[in-house]
Amino acid sequence: MTAILERRESTSLWGRFCNWITSTENRLYIGWFGVLMIPTLLTATSVFIIAFIAAPPVDIDGIREPVSGSLLYGNNIISGAIIPTSAAIGLHFYPIWEAASVDEWLYNGGPYELIVLHFLLGVACYMGREWELSFRLGMRPWIAVAYSAPVAAATAVFLIYPIGQGSFSDGMPLGISGTFNFMIVFQAEHNILMHPFHMLGVAGVFGGSLFSAMHGSLVTSSLIRETTENESANAGYRFGQEEETYNIVAAHGYFGRLIFQYASFNNSRSLHFFLAAWPVVGIWFTALGISTMAFNLNGFNFNQSVVDSQGRVINTWADIINRANLGMEVMHERNAHNFPLDLAAVEVPSTNG
């Protein structure tokens with residue numbers, strides 16, 4: 001009797017594509033989030049490079065005074081930037097096909113919107129891809145949660161702030177000096193240095209740097225030597241080894257005596273959670289602060305808070321900051337308006353005659 005064995009029907013093309021996309025054996029994991037991440041980030045990066053090199057000047061304030069941002073129009077690496085979309089466009093969605101010509105699209109700063117929207121989609125998908133890969137490998141999801149902090153910060157300055165201010169022209173320019181200009185104008189208009197959420201962000205970033213340096217130096221100083229004196233201590237580590245590579249008891253004892261006992265972690269898991277949570281929470285708060293100041297819920301104002309018995313103002317640092325803010329405000333967009341809002345709101349004295 002002869003048995004006939006039929007070959008199992010091969011998986012469909014779509015099935016093989018799905019298996020390849022979700023395979024953790026690839027050198028670089030793609031994932032379903034990666035299907036959207038790759039084209040959006042490639043688009044944002046390509047347009048950024050081309051525009052940074054060759055984009056013509058942009059009428060950022062909508063007053064027919066174009067501002068140059070590209071290298072071919074007189075800028076260098078420090079001064080160059082992708083100039084934000086014109087105030088004449090406001091918050092309108094402005095793809096190339098909405099303009100009468102490519103020249104008009106470039107003049108009104110269309111590349112900025114294109115780059116920012118693709119970039120935000122891309123980094124959000126990168127965060128989703130981190131979660132997806134963690135899920136496939138049976139890991140916990142906290143890598144994606146930590147990455148949500150810079151994603152929130154980027155979304156705040158590139159999307160939420162322009163929405164609150166009513167125009168993409170108020171978004172952060174994509175360049176070094178453009179970033180500093182954004183920071184200075186933000187301080188002038190919103191007094192961000194006096195906002196508690198910004199203070200928490202400063203503590204998060206500087207504190208995170210301090211804790212990272214402390215942790216790295218403590219671990220490096222308490223390695224368990226597996227090599228001779230003639231070899232680097234780093235050569236004594238084998239990838240995937242089960243043994244501890246450093247003596248946490250020695251590190252705990254050192255730091256506990258340097259400061260005091262309870263300033264030092266004796267639990268490695270608690271320590272690493274703290275190292276991750278401190279900067280992440282700080283940056284979350286800063287992003288939240290930017291998002292509230294976008295709608296003009298600004299930093300604290302203690303101007304002229306201290307007076308003497310005669311009612312005369314005794315200047316404090318709050319008043320110094322206020323004068324600096326006014327100076328910065330009158331300098332920016334100097335041709336777009338005659339006076340900044342603070343000065344324009346002052347009642348004009350009446351004259352007889």
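Cβ atoms here come from the backbone N, Cα and C positions, even for glycine.
Taken from Swiss-Prot, the feature N-acetylthreonine covers T2. The phosphothreonine annotation in Swiss-Prot covers T2 and is backed by sequence analysis. What Swiss-Prot lists as chlorophyll a ChlzD1 binding site is H118, and the listing cites sequence analysis. Annotation comment: Swiss-Prot describes D170, E189, H332, E333, D342, A344 as [CaMn4O5] cluster binding site. Look at Swiss-Prot and you will find H190 tagged as site 'Stabilizes free radical intermediate', backed by sequence analysis. Feature annotation from Swiss-Prot assigns chlorophyll a PD1 binding site to H198; the stated evidence is sequence analysis. The annotation Fe cation binding site is assigned in Swiss-Prot to H215, H272.
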Spatial neighbours of H198 (chlorophyll a PD1 binding site) among the binding-site residues H118, H272, E333 [C-alpha, 10 Å]:
none
Can you give me the Cα-Cα distance between H190 (site 'Stabilizes free radical intermediate') and H118 (chlorophyll a ChlzD1 binding site) in Å, rounded to a whole number?
28
Among H118, D170, H332, these being the binding-site residues, pick the one whose CA is nearest to that of H215 (Fe cation binding site).
H118
Between D170 ([CaMn4O5] cluster binding site) and the residue listed as 'chlorophyll a ChlzD1 binding site', what is the CA-CA distance rounded to a whole number of Å?
18
Could you state the whole-number distance in Å separating the C-alpha atoms of H272 (Fe cation binding site) and the residue listed as 'chlorophyll a ChlzD1 binding site'?
33
State the three-class DSSP label for D170 ([CaMn4O5] cluster binding site), counting H, G and I as helix, E and B as strand, and everything else as coil.
helix
Residue among the binding-site residues D170, E189 whose Cβ has the most other Cβ atoms within 10 Å:
D170
Under 8 Å between C-beta atoms and at least six apart in sequence, can you list the same-chain neighbours of E333 ([CaMn4O5] cluster binding site), or say none if there are none?
D61
Where's the emptiest Cβ shell within 10 Å among the recorded positions H190, H215?
H215
Name the residues of the same chain, 6+ apart in sequence, whose Cβ is under 8 Å from the Cβ of H118 (chlorophyll a ChlzD1 binding site)?
T40, L41, T43, A44, V47
Using CB atoms and a 10 A radius, I'd like the single residue among the binding-site residues H198, H272 with the highest neighbour count.
H198
Counting every protein chain present, what is the number of Cβ atoms, excluding its own, within 10 Å of the Cβ of H332 ([CaMn4O5] cluster binding site)?
13
Collapsed DSSP category at H190 (site 'Stabilizes free radical intermediate'):
helix
